[in-house]
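J.: There's a structure below that I have some questions on.
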Amino acid sequence: MHKSAMQMHARELTGRSEVKPHQCQQCLKSFSSNHQLVQHIRVHTGEKPYKCSYCDRRFKQLSHVQQHTRLHTGECGTGLIPVPTNENLSKISDSLLIL
């Protein structure tokens, strides 16, 4: 179990409430860590800093782009054909010129 999940589980068992000192200034929701607050703020800003290296999809969280990437690489067992991008197409055309 992840350390933070284990800590939450322990708090549930002991009945101790969690201190959440990091508060969103837009909706007043509170978080126990600054990292959680930064991720939450993306709900309001729409920022999606993580881009799939196979297609143009963008994500708010690194774990989401990592999960999505497994669709392209076949790690999940379903595999998708990578969507061609201008960069990929130029690499392909450059390699064809060499032949």
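Glycine too: its Cβ is placed from the backbone N, Cα and C atoms.
Taken from TrEMBL, the feature domain 'C2H2-type' covers 22-49, 50-77.
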J.: Could you give the residue numbers and ranges of same-chain residues that sit at least 6 residues beyond the domain 'C2H2-type' (22-49) on either side and whose C-beta is under 8 angstroms from one of its C-beta atoms?
T.: 58-61
J.: Using DSSP, how many residues of the domain 'C2H2-type' (22-49) fall into helix, strand and coil, respectively?
T.: 12 helix, 4 strand, 12 coil
J.: Averaged across the domain 'C2H2-type' (50-77), what pLDDT does the model get? Just tell me the whole number, please.
T.: 88
